[in-house]
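K.L.:
As annotated in TrEMBL:
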| type | residues | note |
| --- | --- | --- |
| BINDING | His654, His658, Cys771, His775 | Zn(2+) binding site |
| DOMAIN | 52-814 | domain 'Alanyl-transfer RNA synthetases family profile' |
Amino acid sequence: FPRLITSPPAPPPLITSLPPMAAAAGHMRGLLRVPPGLRCGFCRARSAAACPPAGQVRQAFLRFFQEQHGHRLVPSAPVRPRGDPGLLFVNAGMNQFKPIFLGTAHPRSELAQYQRVVNSQKCVRAGGKHNDLDDVGRDVYHHTFFEMLGNWSFGDYFKEEACGMAWELLTQIYEIPKDHLYITYFGGDASLGLSPDEESRDIWLSLGVPPSHVLPFPLRENFWEMGETGPCGPCTEIHYDHVGGGRHAAGLVNQDSPDVVEIWNLVFMQYSRETDGSLRPLPQHHVDTGMGLERLVTVLQSKRSNYDTDLFTPILDAIHKGCGGPGYQGLVGEADVGSVNMAYRVVADHVRTLSVCIADGVYPGMSGAELVLRRILRRAVRFCFEVLHAPPGFLASLVPAVVEVLGDAYPELRKNTDQIMNIINDNEAAFLSSLLRGRRIIDRTLQQMGPSKLFPAEVAWSLYGNLGFPLDLIGLMIEEKGIQLDWAALDQLAQEDAKQKARTQQAEQLEGSGVRLDVHSLAQLQRDGVPATDDSPKYAYTLGQDGRYAFSPCQATVLMLYKDQSLQKVVGAGQHCGVLLDRTSFYAEQGGQAHDRGYLVRLGQQDVLFPVESVQLSGGYVIHEVTAPETLQAGDQVLLFVDEAQRLACMVNHTATHLLSFALRRVLGDQTEQRGSHMTAEQLRFDFSTQAPVTTQQLQEVEGVIQEVVDQNEIVYMAEVPLALASGIQGLRTMDEVYPDPVRMVSVGVPIESALMPNSQAAMQTSVELCCGTHLLQTGAVQDLTITSERQLVKGISRIIAVTGEQAKQAREVGQSLAKEVDSLSARVKQGSSSLPEVQSLSKEVGHLTEVSPVTAMPQWQRRELQAILKALQRAANTAIRKLEIRQVRTQQQDLWQLCSLLKTTRLFSTEWILMKVVNQFCDKSPGASVLLLSPQASGEVLCACQVSKSALPTFSAADWALAVCTHMGGNAGGSGIVAKGTGNTKDLQGALTAALEFARSRL
């Protein structure tokens, strides 16, 4: 994507009085009009009135392209990507236009009507491939949120107009001195067969740019690609020299100099990168430009740091006002004593990102973009609390300053100000307690490290996994003490964790691999009179009026420890063991629901975490698998902390599984029976018996039944009842397993008492099941359910995979996006074409979508519909290809010489198959003839095909004839005595024909 335009760090300027750029040119210049004498270049004194505000700079850009050059103003897309699961956040202005670049925009959609577009796009680069999070604050130019100004042409204007518009805007509207600007262009790449982009070079020269300011650069700097495959092309960049003054700064361009920085990237999409790495020209050329507003404003306001512009100064002023202490001075590195200036930058940047993301519906969470945002928030909170010594609630108090800066451009910020502040406050409060505990853990660990300079990776990983500390934040904390993270060990732990997560996500993995009591230990516990674990606290949670769940705290006593298949009273530091408590709020893996995660702490010593890796149930005893960081012994009092986000996600998916079971019975019939299920925080799996395959329509109906119950936000009733009483309920969903007595019953929308009444039909009309799992208290939190997979395991037993909530929404968006691609492709196939290459290209597109659809997370019913359409399209495309090939064979065969033993043709046969078909047909119409055809290709390759009459065998062989000719052309060939084909490469076709004729005469 066009790179983030932000200013790199710079030393203080030698000139203390650098006047700002002004902008004034007709109607557009009025936006940036400055007092006389302060319009161009550098003046003797700085005038604050002459600094164009960022809002006017943004507006001047938009109006310039909209009013003077006929561009359509398009609003910024939300920072959550639309139907693009490969992106965490929108990270470039072109993201929302990818369907146009890829040719997948629906022909009747508004998107397909775009020709000239301009906008200012909200972008976030944190997490994923483009990730600036770790660098924010350390310097004066990195950001997680930025605005990308851009103009696009979709098959309209190209290089000349794009360069001309850019030069006009920068030099006439913004009045940036021309001698401060340097231009780069693509210098070519011999390995790819790409010539230098001399067209762009000549355009810049024609605009008056001196040759010494127009510089070629290689592929890495000046060739842009969307990804490993897809649209791409050369780009030309405009760089700004902060110093100027007539000096020659060409040698500093693209050298990471703080004095010479890129401000605008103009990408000319004219190729397509194929899967084999080759480049093919695009049928339609596009222009995609990107200029970071932050960097542009830095230039126009004569600053050397983005944080010194009015995009940040109001927020920095609010930080200073809110926390007191020294103000922001722009210091970095060792000069920034106490990291105060770094904290200013971190907080200012992160509160912008949080405000924009939350306004767009991305909230701090536990996975994907939400997890990244959670880390951003916690990093900001840490700097507020520990460096700036700000009071609780301080971060949210900065939101109005962000709204004041960005609210006019992005009205959703003003509309959602209260919600943004509430969400930040809630998350800050949750983290502050964890922050205090984490700080104590770090300090205590540092005291115990002795002379070592490497912080224990296990402690850092525990903080990261259990308290939500980003690893870079931990690194910053310990850097203050001269200690470094053991990154090698952390990488190993991360790899092990990734493997563990991959294993837990396997659909077939029914049970965890945690510590389980063996039969001898169980017998000993029973002999010793150790009571079964009281796990009723796992159900101790409530639903507040604000829609949030509150989980009650739990304190317990260590009864026994289990290690090396034996019960023990004490385990030492670093030992892996199972912990048996008298009571627990942790859910042990059972009933298909994944076990809880979390940690334990000893009462009175809350700076030592005992992470709970798994929770298993054996004979009524709940075993918590831990690796003890310190000695643990029976009798210790501990506090239990469940990972609430993971638990809630499991609750959502478990309740959704009950709704799915009910919906399947309603749609498929009462004969449908559950055969198994598994629920994790990420998805649910449901196996069931069915008399016939589930149809596409039935899948839609099942989702519709579930959505109806979700929308009604039904109460979920739960109670323990005598097993005999529960078993008599008509319509009760049960499994073929042994249930405890009393048994826990879960009923959706119908009170347990009503379901237990004699002759009650309640269980026939809703979901009533026996279940020990943890469930929602109301169905609305499910939000949505999407069946992403349905297949038969064996005849009569099917398996469904489904996702809920935001994942379900994203799956539907992906399905809609793919459906638009298929619709567009279908229209083009039906329209038909007389061009064989075009039809072959359509066939290739159909094949690509056919390969993509089975592995894409989307509604299963929609996948089936699209696969049926794609199958029909593939048949239609293949039929069209064969017809065109046969037509071409017949047409070109008529042009061949009659009754000739050797044929030369100037027509272009695109494939060996067509060439051989022509040879075959000619021989059929000329019995006894031996024919050889050569067909030159645009690439320089020459195709060869021949057929020899049976009467000429064995002295004259087709394989020998083709090999002799292709060897003459520097190629190779193969075949039989009758037919053969091959390829070569030559511009001397006459010489090849002569060699062919001489070989034939020598054998005949």
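Yeah, the Cβs are placed from backbone N, Cα and C, and that goes for glycine too.
Source: prediction; values computed, not measured.
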K.L.:
Below 8 Å Cβ to Cβ and six or more residues apart, same chain only. Which residues does that give for His775 (Zn(2+) binding site)?
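P.N.:
Within the chain, His775 (Zn(2+) binding site) has Cβ neighbours under 8 Å at Met651, His654, Thr655, His658, Val716, Met718, Val746.
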K.L.:
Taking the Cβ of Cys771 (Zn(2+) binding site) as the centre, count every other Cβ atom within 10 Å, in any protein chain shown.
P.N.:
24
K.L.:
Which residues, same chain and not among His654, His658, Cys771, His775, have a CB within 8 angstroms of the centroid of the CB atoms at the recorded Zn(2+) site?
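P.N.:
My list of surrounding residues reads Gln593, Met651, Thr655, Thr657, Val716, Val746, Glu769, Gly773, Thr774.
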K.L.:
Among all chains shown, work out which of the binding-site residues His654, His658 has the most CB atoms within 10 A of its CB.
P.N.:
His658
K.L.:
Which whole number is the mean pLDDT over the domain 'Alanyl-transfer RNA synthetases family profile' (52-814)?
P.N.:
89
